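A quick write-up on the structure given underneath.
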Amino acid sequence: MYAYTVIAFLAASVAAAGNGPSISSLTVQQAANSCANGQSVYCCNKTSNKPAGNSVGDGAGIANGLSLFSQCSKVDVNVIAIANNLLNKECQANAACCQDSPGTAAAGLVNAALPCVAISNLV
């Protein structure tokens, strides 16, 4: 049940995406603003080719744009120097909006596969 809730929540993020600036000119703060409530910007070293919807039975097709990301670290948008930097300067890997997890270490690397929405799908 939890997995379906997460997928529905993240699918709403994809559906709400608008046409904004290109990913190469996006600041960290703009990226954070594109994430839904309860989500934050993460920089992830790995992403699976299999969409997250397939891991829980396709999610009735609502999981378009979702993927499983791993080896993620949270990008701190509360630091003004970081928030105003370009996203591609702060994250050379895969930038994504991921649901904040209570098990996430504040400054650590999250090794679990998280259902996330690539920021490039949101702008």
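The backbone N, Cα and C atoms fix where each Cβ goes, glycine too.
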Per Swiss-Prot, the disulfide partner of Cys43, chosen from Cys72, Cys91, Cys97: Cys91
From Cys35, Cys44, partner that Swiss-Prot gives for the disulfide involving Cys72: Cys44
Cα separation, Cys98 (disulfide bond) to Cys72 (disulfide bond) (Å, whole number): 9
Nearest recorded site to Cys97 (disulfide bond) by CA-CA distance, among disulfide-bonded residues Cys43, Cys44, Cys91, Cys116: Cys116
Cys91 (disulfide bond) versus disulfide-bonded residues Cys35, Cys44, Cys98 - nearest by Cα: Cys44
